Amino acid sequence: MGVRNCLYGNNMSGQRDIPPEIGEQPEQPPLEAPGAAAPGAGPSPAEEMETEPPHNEPIPVENDGEACGPPEVSRPNFQVLNPAFREAGAHGSYSPPPEEAMPFEAEQPSLGGFWPTLEQPGFPSGVHAGLEAFGPALMEPGAFSGARPGLGGYSPPPEEAMPFEFDQPAQRGCSQLLLQVPDLAPGGPGAAGVPGAPPEEPQALRPAKAGSRGGYSPPPEETMPFELDGEGFGDDSPPPGLSRVIAQVDGSSQFAAVAASSAVRLTPAANAPPLWVPGAIGSPSQEAVRPPSNFTGSSPWMEISGPPFEIGSAPAGVDDTPVNMDSPPIALDGPPIKVSGAPDKRERAERPPVEEEAAEMEGAADAAEGGKVPSPGYGSPAAGAASADTAARAAPAAPADPDSGATPEDPDSGTAPADPDSGAFAADPDSGAAPAAPADPDSGAAPDAPADPDSGAAPDAPADPDAGAAPEAPAAPAAAETRAAHVAPAAPDAGAPTAPAASATRAAQVRRAASAAPASGARRKIHLRPPSPEIQAADPPTPRPTRASAWRGKSESSRGRRVYYDEGVASSDDDSSGDESDDGTSGCLRWFQHRRNRRRRKPQRNLLRNFLVQAFGGCFGRSESPQPKASRSLKVKKVPLAEKRRQMRKEALEKRAQKRAEKKRSKLIDKQLQDEKMGYMCTHRLLLLGAGESGKSTIVKQMRILHVNGFNGEGGEEDPQAARSNSDGEKATKVQDIKNNLKEAIETIVAAMSNLVPPVELANPENQFRVDYILSVMNVPDFDFPPEFYEHAKALWEDEGVRACYERSNEYQLIDCAQYFLDKIDVIKQADYVPSDQDLLRCRVLTSGIFETKFQVDKVNFHMFDVGGQRDERRKWIQCFNDVTAIIFVVASSSYNMVIREDNQTNRLQEALNLFKSIWNNRWLRTISVILFLNKQDLLAEKVLAGKSKIEDYFPEFARYTTPEDATPEPGEDPRVTRAKYFIRDEFLRISTASGDGRHYCYPHFTCAVDTENIRRVFNDCRDIIQRMHLRQYELL
């Protein structure tokens, strides 16, 4: 398992005494410790990770002379040899290239141990040199330059960053914990352990070590790969079959190797050299040696017993001559280190070959390359006999290969299946060289398992992530030429894989490119790839960006690469640097690769052929088109295009017709609106306002009688039969209203006889039972008017006491038509009673709401609105105030001695004066003239001539009023009546002239609403006034 090479030096062929080439890194002075020390193996990265720290004594850490800890503690210096330092370039600044970076990092359980260097002259010695021999492994990358992930944890550069990480507490500055150094004297507490081991990280989870402190594990290039799920045993265990070597220090500062059997773990490092970490103690380039980050295994303890090894003597077949580490070692064409979900115990590490074996394998590789026989890769059919973890070996084991130059009986040839030191057990079913495990899902390509989803030889599936080189993996021809790696499988009869002719780096890149496209349904796995010193010398380290951005970029680029492979147009060069290298690196190599890939993809587009096909496609035929489907689609699209054009033309025609129809309809609507506007402008709208029971409704009736064919129809009916039908219906309704007026008149007079002061007595007391009958039916609803009602009403109306009470009607509310209907009882009681127009004019119906009447006079349209005159109805007038031509204000002139129904206290004439004033001064009506109808002139003459109710008793101003000179009395009119009616007129004119602004005028008229001729004459006079108002309204006058 590579223990000998780890203990006695790495004497791989082609690495000894090779002079440095031009451009290579110069040889740096190594670290040294004074004193003689037998050549022996230093601790491996596993020891550095797993060795428990002694907690007795702190170790100072210094940076450019600045101490970051307690003073130094003198201790014995050790002179140790390890070729890993020379391989890494001594003290040169080193950061693994993207192709060699690990795709992930893990939380380090501990960083114990140290990584010694070769002794070279010229390097400072002394106590500092002693610390420098142990200290570089103790340093963190960000110990002095920035934040570090955790105590003793290692933060890889972006090339090594993985898409996930384990939580580590951030520590900043120079706050590194004090490292305890045990007493190195013989018998001291740290005699059995490795001095200078740093303490474990607090988050490291591992079981307690069995045995004493210290231990040994081979260096990275000799360790074997591991699985995440418990394959790696970690700690300081040697490979299976070897006992653990405990380095003891005696008084002479010499190592004494003592073999002990104890519970061990397999080393968690695979073919990774120690890393130079910036900020090292005493390093000229501010770098320190750091083992690569690995996971800590969680497998159960395994007892391995074996003979003790003595450090200082090389076993048979191993040459411990110092070699020149500046020349790049020969890397293997092994498979990438994989990390799967389940442990794979078949994998074992094999020791590196000795010089003779390396030479023989190089010769076999040259022969294979000259004969065009490709080297069997990890995914070849012959690779089923090889282990999946051959990345850590110099050459895989070949149990039965006669051409390899090694016999199975030779214990040093690496092919003896029974050699406990070789680590290659041919008979072991778990061994990678066992040919009896062809169906393993992680094997390269077993001939007996062609349907294996992870098999790299699946004919139609892309290469498995674990398969080293699948024959069907999509790769550009230039990729194979650039990488110079043979990825085709070997012949089936090849019993053992041979060493590849190309470098391990190029082969690993090809395998990683093929592994970027997982098989359908296969679970994608994460690989650990071995480093390549060739590229590490060519590609300098790049500054490390923020970790989060690097991971974010990696995940996105990985998804992008999967898309390319799913489409089947990807090249192996796109992923040759690995899953994380595309995002982690930003140097010239990545730029050059991307530039080369772009140049390579351009010739894929044959512009000339595309042009010719598009221009002369009909001549050459569609079969010659590079895109036959697209051409057929164009052909197919021609038919829908013509259909679409016809459909569009049809839709355009329909839309044009629709627009034409809409335009015509719009014109008709506009014409109708214009006509209505003209008719509205030519219509005179008249608003009837006034106090209650002033005669407004009677004026409307008169307009119907005069201009709407009376009550023979509703007006506007062209059919005479319809007019007669409406007339009969309306007259029938008015009969009931007339009977109700008769009943209300007799009831009001009889009830007022006892309420008046002084009360009025009946002239004939025998009519008392008649009074009682009338009072009993006063509040009966839906009275049917029997004949006895008419008899009692007629008898009471002939009584002198009832007549006397009627004369005092001004003291109570009595309808004006009471006397008219009481005088016609004999006519009304008849069953075939048909009211006359005068009866309809006299009928009193309470108006509630707004009633409108349309009529035409001499081809002039009038629209008259009747609004209730009661106080609770006046709030509805506002609806008719907008844009009226004139207001006809109606006043009951005979009501000077009457009170309103609302409170029985306010004089009706005074109420009319107040209402007129409010309308005249209304801000909405200041431009509208008022036609004043002083109505009920017949009743006013009767009261004035009767002399029972004097006007001066209610209006004292009448006593001083004199008839004006411009007064025009009616023919045969009494002067007292003339004086009274002009007094009432002047009362309203006084209001209009007092607040007149010249914008509206008041036109008074004396009217009698029940006199049709009077209303006709008055309305004819008002027509001229209304016409002038109308012209002034539209600014035409």
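A Cβ is built for glycine as well, from the same backbone N, Cα and C atoms used for every other residue.
According to Swiss-Prot, the protein carries these features:
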| type | residues | note |
| --- | --- | --- |
| REGION | 1-105 | region 'Disordered' |
| COMPBIAS | 33-46 | compositional bias 'Low complexity' |
| REGION | 185-224 | region 'Disordered' |
| REGION | 283-588 | region 'Disordered' |
| COMPBIAS | 361-408 | compositional bias 'Low complexity' |
| COMPBIAS | 416-521 | compositional bias 'Low complexity' |
| REGION | 640-666 | region 'Disordered' |
| COILED | 641-667 | coiled coil |
| DOMAIN | 682-1037 | domain 'G-alpha' |
| REGION | 711-734 | region 'Disordered' |
| COILED | 730-756 | coiled coil |
| MOD_RES | Arg844 | ADP-ribosylarginine |
| REGION | 931-938 | region 'G4 motif' |
| MOD_RES | Ser995 | phosphoserine |
| REGION | 1007-1012 | region 'G5 motif' |
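Long-range Cβ neighbours of the residue listed as 'phosphoserine' (same chain, at least 6 residues apart, Cβ-Cβ under 8 Å): Trp920, Asn921. Counted with DSSP, the region 'G5 motif' (1007-1012) comes out as 1 helix, 0 strand, 5 coil. Broken down with DSSP, the region 'G4 motif' (931-938) shows 2 helix, 5 strand, 1 coil. Residue counts for the region 'Disordered' (640-666) under DSSP, helix first, then strand, then coil, are 27 helix, 0 strand, 0 coil. All protein chains shown were included, and the count of other CB atoms within 10 Å of the CB of the residue listed as 'ADP-ribosylarginine' stands at 20.
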